[in-house]
């Protein structure tokens, strides 16, 4: 029987064998390392630092956007703003539920027997997890075409189109998060019963959704790496180009430094979790487990990798805060503006080069 007097079989699908046994019993003693992993102060500190960092970065972004006249830079700031808002809301929404559990130790079977709250938390974890990866890939792609194909479009991406792209990423991530609620896999309560996430079981539906989630994240990181690598090589050519141009600017370099920083953070924080998910669902299940039970070691490793992912939301805003030209010039005073990307194409006729350069000034 559940804690509310109803049979366990009548509970929602978010409860697994391990959850039933631990929720119905009193809290067991834990060793020092386990207490550290599940510490409420750990979650509270991470959430508070992340919220403060993203709020500070959002204020800096709003201030910078008011002074920005370059359309290319303005659209890039919109993508950054979308990323910061996503990270801030992700920490706020998920942290409110998770930290509330740590301080109150509420019984999920009483509070949420039908799994509505758990499904909402699981959807939020997927949505706010995939959005930064997909936004990073979108930003890298936009900069790739802006740097390597400057003459393929007469103007840079408008603010309206940039916001549309951000909205498209949000809509896609939300649709992805709806799949388990619609029947492709399950969101289940995860150790130590404070959060809900995708289920690392070996039934076909859960395996399918886990692979979709992990492979999509790896694809986003891979595209970011590919686009950013080519763009950095292109900018290195600009850096060493000695041909005089009408206007010299280093905004492309600044944006690429920030993009590479975001990519490195996402790679370090997310790849271990994504690889772990793939390895877990593809390997043979451990013998002797109850139905819908996950080994405790797997649950603990999943929690540790989640802690690493949280650093992504904390560090992302500092990439923009610290890697701005105003800050970099204080650290490296000899930093000078570099030639515009147009200087890479000496074969363009002078009138077209003049047109592109004038447009870059107006943007």
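Just so you know, glycine gets a Cβ as well, placed from its N, Cα and C.
TrEMBL labels come from automatic prediction, so no person has curated them.
These features come from TrEMBL:
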DOMAIN    53-320  domain 'G-protein coupled receptors family 1 profile'
TRANSMEM  41-64  transmembrane segment
TRANSMEM  76-100  transmembrane segment
TRANSMEM  120-141  transmembrane segment
TRANSMEM  162-185  transmembrane segment
TRANSMEM  211-236  transmembrane segment
TRANSMEM  257-282  transmembrane segment
TRANSMEM  302-323  transmembrane segment
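Across the candidate stretches 76-100, 120-141, 162-185, 302-323, the maximum count of CB pairs under 8 A to the transmembrane segment (211-236) is reached by 120-141. It is 120-141 that, among the stretches 120-141, 162-185, 302-323, forms the most Cβ pairs under 8 Å with the transmembrane segment (76-100). The list of residues near the transmembrane segment (120-141) in space but at least 6 beyond its ends in sequence, with Cβ under 8 angstroms from a Cβ of it, reads 14, 76, 79-80, 82-83, 86-87, 89-90, 93-94, 97-98, 165-166, 169-170, 172-174, 176-178, 180-181, 187-188, 195-198, 213, 216-217, 219-221, 223-224, 227-228, 231, 259, 262-263, 266, 270, 309, 312-313, 316.
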